[in-house]
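Report on the following structure.
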Amino acid sequence: MNRHYASRILWGLFIVAIGAGFLLNQLGIVSLDIGDIVSTFWPVILIVAGLNNLLTARHGGNAFGACVLITVGFIFLGRSLDWFDWSIGDMIRFIGPVVLILFGLNMVFRPRGSSKHRHQNHEHRDDWQAYRPGGYVPPAPPLHPDPTAASGDSANHAEPPAAPMQPPVPPTPPFRPNLSKHEQHIEMKHQMRREKLEERREKLQMRRDRIEEKIQRHRQHSNPWERVEWWENDPSVQNRSGFIGDIHIGHDHWELKPLNISHFIGDTVIDLTKAHIPFGETRITISSFIGDVKIYLPNDYEVGIHVVSSAFIGDARVLDMRDSRLFRSMDVETPAYKDTDKKIKLVCSTFIGDVRVTKVG
């Protein structure tokens with residue numbers, strides 16, 4: 001079957017199914033909630049896209065990407081339909097080794113070019129030889145005398161000496177007739193443009209001189225060993241970053257300080273039940289690409305909690321609220337947050353992953 005024809009059939013059936021569902025909903029035959037359908041069956045788009053790439057794949061790399069799309073779509077669909085309860089971290093633990101195995105098999109069994117093609121390329125390389133400028137170039141042969149000239153004349157009569165070289169006479173400027181009014185107008189315009197350009201150059205030069213003068217003054221009155229930060233930087237903020245793996249914070253008793261966490265792949269777990277929370281607002285910022293974020297808070301009414309969460313794919317369970325929509329964004333805070341003495345503000349941003357903020361105790 002033609003690949004493009006199969007792709008058209010697949011996407012056509014998918015669109016027909018969506019249209020039939022909307023039509024049955026309008027006729028009252030079935031009762032459908034568009035929000036629930038989108039939040040539950042959005043992984044079907046990944047599965048259909050993976051099947052489309054699998055049908056139209058010509059190389060191993062395209063087939064590999066299609067299998068990854070189908071697998072991810074099936075996992076998220078199973079989670080939405082409660083077939084199983086796998087977290088993003090569990091999927092990464094299994095998908096990572098499988099990806100490495102498939103990548104290695106692709107390198108081992110990758111088809112190589114035929115020997116005939118390589119032999120043709122070798123012949124084409126041998127047909128033409130590049131010129132090397134460093135090679136030896138033979139000198140030109142000497143000029144022979146004119147055989148038609150008489151030997152006596154050439155021997156008795158010497159050539160007259162060459163006349164001395166006269167200095168070149170500078171060319172006289174071409175004669176320009178009187179310019180017409182139109183040409184005079186054009187000449188005046190060109191002259192005005194040249195004057196404006198000259199004024200702009202002078203202004204630019206003056207600005208450069210001023211900037212250099214300011215720089216010199218700053219260097220004279222500043223400490224040469226001083227480090228200047230041109231962006232806003234708080235030295236009391238702790239920074240944590242990771243590439244692949246999990247980040248766990250709060251196994252033992254610890255003092256909470258403003259914290260920035262940047263993570264690529266893996267889970268982020270923060271236990272604040274054993275933390276000494278200072279007075280005022282403490283900000284914790286978490287940025288993750290793929291992975292779950294789990295934060296455990298103390299069940300203390302003296303501590304105010306403000307959670308701002310956003311994600312592309314994944315569920316969010318923040319205190320008593322839950323959201324499983326696509327492109328979700330939440331902003332939740334405890335009652336009387338502004339009146340509490342101790343405040344914790346959590347800002348969590350993920351691309352694919354779940355966010356869970358729960359109180360313990």
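Quick reminder: no glycine exception, Cβ is built from N, Cα and C everywhere.
Taken from TrEMBL, the feature coiled coil covers 187-221. In the predicted structure, the coiled coil (187-221) carries a mean pLDDT of 82.
Taken from TrEMBL, the feature compositional bias 'Pro residues' applies to 136-145 (among others).
Taken from TrEMBL, the feature compositional bias 'Pro residues' covers 161-176 (among others).
If you look up TrEMBL, you'll see 10-113 marked as domain 'LiaF transmembrane'.
Residues or ranges marked as region 'Disordered' in TrEMBL: 114-179.
The feature transmembrane segment is assigned by TrEMBL to 9-31 (among others).
Per TrEMBL, transmembrane segment is recorded for 37-55 (among others).
Sequence annotations record features per position, and here TrEMBL assigns transmembrane segment to 62-79 (among others). Beyond the transmembrane segment (62-79), the same-chain residues lying 6 or more positions past its ends with a Cβ under 8 Å from any Cβ of the stretch are 41-47, 49-54, 56, 85-86, 91, 95, 99, 102, 106, 313.
Among the features that TrEMBL reports, transmembrane segment is placed at 91-109 (among others).
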